[in-house]
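J.: Sequence annotations record features per position, and here Swiss-Prot assigns (6S)-5-formyl-5,6,7,8-tetrahydrofolate binding site to Arg22, Glu85, Arg124, Lys459 based on sequence analysis. The annotation domain 'TrmE-type G' is assigned in Swiss-Prot to 220-380. Feature annotation from Swiss-Prot assigns K(+) binding site to Asn230, Thr249, Ile251, Thr254; the stated evidence is sequence analysis. As annotated by Swiss-Prot, GTP binding site applies to 230-235, 249-255, 274-277, 334-337, with the evidence given as sequence analysis. According to Swiss-Prot, the Mg(2+) binding site annotation covers Ser234, Thr255, on the basis of sequence analysis.
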Amino acid sequence: MLDDTIAAISTPIGEGGIGIVRISGPDAVKVAKKFFLTKRKDWDQAGSHRLIYGHVFDREGNIVDEVLLSFMRAPRTYTREDVVEINCHGGIVPLRKVLELALANGARLAEPGEFSKRAFLNGRLDLAQAESVIDIIRSKTEAGLRVAVSQLRGDLSRKVEDLQGRLLGLLAQVEANIDFPEDDLEEATVEDILRSGEDLIEEIKEIVRRAEAGKIYREGISTVIIGRPNVGKSSLLNALLRENRAIVTDIPGTTRDIIEEYINIRGIPLKIIDTAGLRETGDAVERIGVEKAREAVEQADLVLLVLDAARGLTEEDYAIIEKVGGKKVIFIVNKADVREKKISSEGAARIAGGRPVLWISALEGTGLDKLEEKIVEMVMGGQVYPKDELIISNTRHRMAMERAADHLAEAVSGIRQNVPVDVVAIDLRAAWESLGEITGTTVTEDLIDRIFADFCIGK
C-alpha cells in the first residue's frame, strides 16, 4: 500500500544524543500537525527541506519533548513522498511516546524496510541501490563501505543496464531472422553474434569472479583462534585488536566461552573468535566452552592454530591439528621471543604439512605484520581490488549474473549447433531477465517482499 502514511523510529533504540521518528506518506504533515506545535502554525507552507523548532504535546496538552522537525516535500525525498522527521532527545521513552502519537493520529507502523521499499516502488532507487542501503549500515571496514557506496551510486546498475542493452542488440539480430526466416543470417553476421556473445559471457564471468571478494568485504571472514590451554590465544586476540579484550593469565582454561570481535585487516573484516583451549577436562563449565570451540572450528573460514614455543609440542597439539582437517590453517608459533625454544623450525614445518607457519610474540607484538599479510594472501590470494573496480557483494546478484552467463552460453552453443533461432532467442531473453533481477526490472512481488523484510524497521 502506497496510499497510506507510515511511521517508525529510524535510529537505534537506546540512550543517545538524538533519536529520529520518521513519517512518510500523503498525510505525513497532517499527522505531525496534530501533536507538533511551533510559533508558526502554517509551518508546512514555509517551503520544503526546512528545520523547524517546536514541541511535541500529548493529548492532555503536556509537553513530551523539545524537538527539531525536518519537513521535506515530495518528490525530493528518500521515499518520493512527503516526509517528516522529528528529531527528539535520544532516550527510549520520548522516542516511543512520539511514535505512539504519530500512530494514534493516523499513521501506520512501518514494516521492516518499508521506507526503502517505497523508495524502490516510487522509482527513487532501483533494487540493487536499495539493497546497498543495508550494506552501508552493516559495513565493517572502509573497503566494505566503498563497495556498498559504489552500488548506491548506481555503478552496478549502470553496468547491468549496459549488459542488458548489448543483449537486446543480439536479440534483435536473432529475432530479425525469426520474422524473416527466408533471409538466412549471413556468415559474417553469425560470427559477429558469436563474438559479441562470448565477450558478454567473459565480462559477466569476470564480475562473478570478483564476487567472492565482495562477499568477504560484505560479510567478513569467520576466523577462529584455537590451541591447547595457555599457549597465548587470548594474547594473540588482544595483540590483533590492539586492546585488552580477553583475559590473559597463567591459569589454563581461563577462557571458558567464545569471545567474538570484528577487526580490520587491511580492509578485510575478520570476525575473529577466541575459543577455550581444546583439551579433555572434568570441569563442566570449561567442557561447554571446549564444545563451543569445536563448533566454531567447523564453521570457520580460516583457522589460526597457536603453538607454544616455550613448552614445545604435546599430544594435545597433535590431536588439535587432526581436528582442523582440510580447513584453511595458519600455524602460529607463539612466544618466539623466549631464549630456549622447544619447537624447531623444521619441526613446525613438518607438522604443518606444507601449510604456512609464522613465528610471533603476541606479548611483544613481533611478527603480526607478517601474520596480517598471510591472512590477506590466504583469504584473497593477496589481492585487494582497486577502488575503481566494480565488485558485487550480494549473493543474490552473483547468482543472477551466473544464470545470465549460463543462458548466454546456451544461446552461443545453440547458434554453433544450428539450433532453431527461436530457441536461441529464448535463451537470450532469459539472460536479459536474469540481469533484470538485479535491478528489479524483472522480479516478482514476493521476492521484493523477502528482500526488504531483511531490513531494519525505520529504514
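Note: Cβ is positioned from N, Cα and C throughout, glycine not excepted.
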J.: Considering only the binding-site residues Glu85, Arg124, Lys459, which residue has the minimal Cα-Cα separation from Lys233 (GTP binding site)?
T.: Lys459
J.: Within 10 Å of the Cβ of Arg22 ((6S)-5-formyl-5,6,7,8-tetrahydrofolate binding site), how many other Cβ atoms are there?
T.: 24
J.: How big is the Cα-to-Cα gap, in Å, between Arg124 ((6S)-5-formyl-5,6,7,8-tetrahydrofolate binding site) and Lys335 (GTP binding site)?
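T.: Just about 56 Å between their Cα atoms.
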J.: Report the mean pLDDT of the predicted model across the domain 'TrmE-type G' (220-380), rounded to a whole number.
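T.: Overall, the domain 'TrmE-type G' (220-380) comes to a mean pLDDT of 80.
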J.: According to DSSP, which kind of secondary structure is Ser234 (Mg(2+) binding site) found in, if we only use helix, strand and coil?
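T.: In three-state terms, Ser234 (Mg(2+) binding site) counts as helix.
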J.: According to DSSP, which kind of secondary structure is Glu85 ((6S)-5-formyl-5,6,7,8-tetrahydrofolate binding site) found in, if we only use helix, strand and coil?
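T.: Where Glu85 ((6S)-5-formyl-5,6,7,8-tetrahydrofolate binding site) sits, the three-state DSSP reduction gives strand.
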J.: Report the same-chain neighbours of Lys459 ((6S)-5-formyl-5,6,7,8-tetrahydrofolate binding site): residues 6+ apart in sequence with Cβ closer than 8 Å to its Cβ, ordered by sequence.
T.: Ser10, Gly113, Phe115, Ser116, Val133, Ile134, Ile137
J.: Looking only at C-alpha atoms, tell me how far Glu85 ((6S)-5-formyl-5,6,7,8-tetrahydrofolate binding site) is from Lys335 (GTP binding site), rounded to the nearest Å.
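T.: So the Cα of Lys335 (GTP binding site) lies 56 Å away from that of Glu85 ((6S)-5-formyl-5,6,7,8-tetrahydrofolate binding site).
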J.: Return the single residue from the binding-site residues list (Glu85, Arg124, Lys233, Ser234, Lys335) that has the minimum number of other CB atoms within 10 Å.
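T.: Checked Glu85, Arg124, Lys233, Ser234, Lys335; of these binding-site residues, fewest Cβ neighbours within 10 Å: Arg124.
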J.: Measure from the Cβ of Asn230 (K(+) binding site) and count the other Cβ atoms within 10 Å, all protein chains considered.
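T.: I get 19 for this one.
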J.: Sorry to bug you, but what's the C-alpha spacing from Ser234 (Mg(2+) binding site) to Arg22 ((6S)-5-formyl-5,6,7,8-tetrahydrofolate binding site), rounded to the closest Å?
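T.: Arg22 ((6S)-5-formyl-5,6,7,8-tetrahydrofolate binding site) and Ser234 (Mg(2+) binding site) have their Cα atoms 43 Å apart.
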J.: Rounded to a whole number, how many Å is the Cα of Ser234 (Mg(2+) binding site) away from the Cα of Lys335 (GTP binding site)?
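T.: About 13 Å separate the Cα atoms of these two residues.
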J.: What whole-number Å value do you get for the CA-CA distance of Asn230 (K(+) binding site) and Lys335 (GTP binding site)?
T.: 11
